[in-house]
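Annotated in TrEMBL:
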COMPBIAS  206-216  compositional bias 'Pro residues'
COMPBIAS  217-235  compositional bias 'Low complexity'
DOMAIN    52-195  domain 'FAS1'
REGION    29-49  region 'Disordered'
REGION    205-251  region 'Disordered'
SIGNAL    1-26  signal peptide
TRANSMEM  252-273  transmembrane segment
Amino acid sequence: MESKAAMFTSAVMVAILLCSSSPAIAQKHKGPPAVSLPPSSAPAPSPSAPRHVDLADLLSVAGPFHTFLDLLEKTDVLKTFQGQANGSKDGITVFVPKDAAFASLARSATANLTSDQLKSLALYHALPRYYSLAEFNRLGGAASPVPTLAGGEYTVNVTDDMGTVHVGSMWSNPKISSSVYSTRPVAVYEVDRVLLPMQIFRTDPPMAPSPAPAPDAKPASDAASPLPGKSSSARAKADDKKSSSSPPSRRVAGIAGYFLALAASASAGLLLLF
C-alpha cells in the first residue's frame, strides 16, 4: 500500500511539472510587460522653421514698388525669388527701386528689351543669400564682385562708406535708402535708382526729360492795374490822350478864368494903396 501511495504522489508531481512547463499555461501566468521609463533629461527641442515671407504682399504695401512688382510678375521671377526666400538655407537679398527710380528712365530704355533681357534685369536685383546691413561692410572690402541671381557675369560691386551702402552696376550706382524687411533668411532693401548692367545696356540708357518750368507770374503793378490788360505807361498815354482830346470851349473857358483872376488881384492891390 505504501508503495502505491508513493507512486501516486510521484505521478501527481510529474503532471504538475508538465502543466507548468506548457506554453499556454506559461503565457496565461506571464506577468505584465516591462515598461521602459523615459530618460531623466528630455531631448532638446528642434529649432523652429524659418518664418514664411510673402514677397508680393510685402512689396504691394511698401514703397511704392508697383513698377518693380509688375516686372517680377510679368517675367515670372517672383516665383524664383519666393523659392529662394523660403526654400533655401542661404536665403535672399533683394534691392527694390521705387516707382520714381523707374520713372526717371526714358520709356525707350526698357521698351525695346526682349523678354529674356527683362527677366535678367529682374534677377539682377537680387543676391542668392541673406545679407544684413552690417554684413555689407565685409562685402565692401571684398576684392571680387558679388554674384546676383542673374548668374554668369551679372555681378554688382557693394561699397560701404561710413554706413552708406552703394550697390554699383555699369551705368548706375544706387544707394540703399532704407531697409524694408530684414529678418533671416529674407532681406529687402530700397534703392534710389535702377541697377543697369552692361550685359543688357550697351550704352548709358537715356533719362526721362525734365518737366518744363512753370511760367513766370505777371508783375504786381500790372495785376493791380485798374485798366485790365494795360500797363502803367499805357495808362499814362491814355490820360494824355484824354487831356489833349478835351473840347476847345473848355480850354477857352480856362484861359478866361485865368485872366479874370489876374484882374481881380490887381484891383485888390490898387484898393490897398488908397
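Glycine residues also receive a Cβ, built from the backbone N, Cα and C atoms like all the rest.
In TrEMBL, annotation is done automatically, which means it is predicted and not curated.
Taking H, G and I as helix, E and B as strand and the rest as coil, DSSP gives the domain 'FAS1' (52-195) the counts 52 helix, 38 strand, 54 coil. Per-residue confidence over the domain 'FAS1' (52-195) averages 93 (mean pLDDT, predicted model).
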